[in-house]
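Chemist: Just dropping this structure here.
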């Protein structure tokens, strides 16, 4: 009888812990900025990235008609009063009293990187296609996105322990995990869905893992030597534990306007 009671209690505790963890996994990816706490799709985009408009020549669009109007500025944040939560001691909690915490994830001000491109082995560069905040992030090859300019350029806001927020040079918005993909949204240093861990790989690439959902950025590769002139969907998926191509990202020089190596008429 005693064993049965213990078994029932164990089952109850397992169910309780699972229910609690599931509740906090299925929360609003925009944090306190827009929508209800448990709304996993506040922008009503769906959970899968939908392909951009089929354009003969890829070009930037406004995209204001694709998403609802959302606050331009992030919600107010504060620093923690706890001596145990600071830049040296780690990450402040995401939740407080079954709501989002309003404290900064890290107490310190971030260092800011130089401008860079985030480029996958397939040639897919993380790119803002629709300028209005809340639109999906896509992967474009550099040659097919020449007209996008700084929408393909990023800066890292660098925090301790290889964490960073990733800010677009054109829109000044940050990468925000959303559903199974990524949107760009006003930078909010209290939102765990905007904080990314850079995990070094042996070939100088990095995996980019989201703090909020624990998943890594992926651009699926179907043909490593043939995936040219295509638009890549960008996902967040379970982080690969073994060798892979589609979760590798190189932080490399930005594609600002380059001068030609030779002028017309010069000997080559």
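Numbering starts at 1 and runs along the chain as displayed.
Every residue gets a Cβ built from N, Cα and C, even glycine.
I grabbed these lines from Swiss-Prot:
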{"type": "DOMAIN", "residues": "112-252", "note": "domain 'Ricin B-type lectin'"}
{"type": "LIPID", "residues": "20", "note": "N-palmitoyl cysteine"}
{"type": "LIPID", "residues": "20", "note": "S-diacylglycerol cysteine"}
{"type": "REGION", "residues": "129-140", "note": "region 'Mediates binding to target cells'"}
{"type": "SIGNAL", "residues": "1-19", "note": "signal peptide"}
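Thinking about packing and proximity, how do these listed features fit into the structure?
Modeler: For the region 'Mediates binding to target cells' (129-140), the DSSP-based tally of helix, strand and coil residues reads 0 helix, 6 strand, 6 coil.
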Chemist: On the 0 to 100 scale, where does the mean pLDDT of the region 'Mediates binding to target cells' (129-140) fall?
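Modeler: PLDDT averaged over the stretch: 96.
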